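Enquirer: Structure below; questions to follow.
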Amino acid sequence: MQTGKIIKSISGFYDVLTAEGKVERTRARGNFRKQKIKPVVGDHVEFEDGYILAIKPRQNVLVRPPMANLDLAIVVMSAVQPDFSTNLLDRYLVYLAANNMEALIYVSKIDLLSEQQLAQLMPLLQQYGEIGYRVYSHGTADFSGIKEAAAGKTLMVMGQSGAGKSTLLNYLLPELKLATAEISQSLNRGRHTTRTVTLYPIGVGGAIADTPGFSSLDLSQINSEDLGHYFIEFLDVSGQCRFRGCQHLREPDCAVKAAVETGTIAKFRYADYVQLHDELGNLRPTYRKS
C-alpha cells in the first residue's frame, strides 16, 4: 500500500503525490460515497491499484474551496478594478477564523490608485495590521515577504476574481504561467480563470494552492452567536461585557461597543460585524454531515 497527498481533484479523479515524488492518478473506492466522505485536495491518503483506500485524520477542512490540512491562507484583495471592500475582506477573514486558518492579506493594484484614493485606503490597511493580520501590498518586495511567510507551509491563495491571484502565483511559481483574468467592466468582476483546485510544491516541504475565484462565501454554517469570536480584536475586550454571551448589539454595558466609541475597534469592522450578524441570524442553521 502506498501513501501520499492529493494535489489535484478533477472530475472524480485524484492526483496523489507520493513521498518518492511521483504523481499517481487515483479514484475513491465506492464505500466512501456510501459513508458520504469525499477526498479533497490536501488530504493525506493511503492507496493501492489506483484506488484511495483510506483518508488520514485531517488538521482542518474547508468546504469552499474544498481543501484539507492547510496552514495558511493568502487573501488577495484588489485596491481597484474591482474596488477594495472591507466587507468582503472581513467575510473571508471570518470564514478562515471559523475554520481555524491563519490569514495573510495581500492587496494588489496599489499603483493604480490616485493620491486621494491611496490616502483613503492606507489607514484601513493599517487598521488590519494593528488588529494582528500581516498585510502586504503590490510590489516585488512584498512578494518576497509573502514567499518567506509561506516557507515550509501548505497554503492556499483565495480572493475575489480579477484581484490578482494569478499574478501573485506566477511570481511565487513562475513555471505555472497561469492565465491572467480579464476584467468585465459591466460586472466590475473578473472572469473566472481558474476552474480546478490544484496544489503545487513550493520550496522545501511547502505547497501552495490556486483556487477558483469567487466574490461570495458560504457562511451559513457559522452560528450568529459565535460570530464575535471570529472578529479577533473583539476578544481583547469582550470579557469585560456585562453579560456572558453578549452579542455586542443592543446589550447595555457592552465593552465592544464602548471600544468602538473610543476608536479602539474600527467603526467599519463593527459595521461589517453587525451586517453579517444580521444576515446569519436570518438564515436557517445548516450542519455538516459527519
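Count begins at 1; order follows the chain as displayed.
A Cβ is built for glycine as well, from the same backbone N, Cα and C atoms used for every other residue.
Pulled these from TrEMBL:
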- 59-217: domain 'CP-type G' (DOMAIN)
- 68-215: domain 'EngC GTPase' (DOMAIN)
- SER108, LYS109, ILE110, ASP111, GLY159, GLN160, SER161, GLY162, ALA163, GLY164, LYS165, SER166, THR167: GTP binding site (BINDING)
- CYS241, CYS246, HIS248, CYS254: Zn(2+) binding site (BINDING)
Enquirer: Sort out the sequence-distant neighbours of CYS254 (Zn(2+) binding site) for me: same chain, 6+ apart, CB within less than 8 Å of its CB, listed by position.
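Expert: CYS241, ARG242, CYS246, HIS248 - these are the non-local Cβ neighbours of CYS254 (Zn(2+) binding site), listed in sequence order.
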Enquirer: Just report the maximum Cα pair distance in Å for the recorded GTP binders SER108, LYS109, ILE110, ASP111, GLY159, GLN160, SER161, GLY162, ALA163, GLY164, LYS165, SER166, THR167, no decimals.
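Expert: Looking at SER108, LYS109, ILE110, ASP111, GLY159, GLN160, SER161, GLY162, ALA163, GLY164, LYS165, SER166, THR167 as a set, their Cα atoms extend up to 19 Å apart.
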Enquirer: Translate the DSSP assignment of SER108 (GTP binding site) into the three-state scheme.
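Expert: Strand, per DSSP.
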Enquirer: For a quick check of understanding: among the binding-site residues ALA163, CYS246, which residue's Cβ has the most other Cβ atoms within 10 Å?
Expert: ALA163
Enquirer: Three-state secondary structure of GLY159 (GTP binding site) from DSSP?
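Expert: Once the DSSP labels are grouped into three classes, GLY159 (GTP binding site) ends up as strand.
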Enquirer: Could you name the residues, excluding CYS241, CYS246, HIS248, CYS254, of the same chain that surround the Zn(2+) site, i.e. Cβ within 8 Å of the Cβ centre of those residues, in sequence order?
Expert: GLY228, SER238, ARG242, PHE243, GLN247, LEU249, GLU251, ASP253, ALA255, VAL256, LYS257
Enquirer: Can you name the residues of this chain that are 6 or more positions from SER108 (GTP binding site) yet have a C-beta less than 8 Å from its C-beta?
Expert: VAL76, MET77, SER78, ALA79, SER137, HIS138, ALA163, GLY164, THR167, LEU168
Enquirer: Neighbour count first, Cβ atoms within 10 Å, every protein chain included; then name which of SER161, THR167 tops the list of binding-site residues.
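Expert: Buried the deepest by this measure is SER161.
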Enquirer: I'd like to know which of the binding-site residues CYS241, HIS248 has the most other Cβ atoms within 10 Å of its Cβ.
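Expert: That would be HIS248, with the highest Cβ count within 10 Å.
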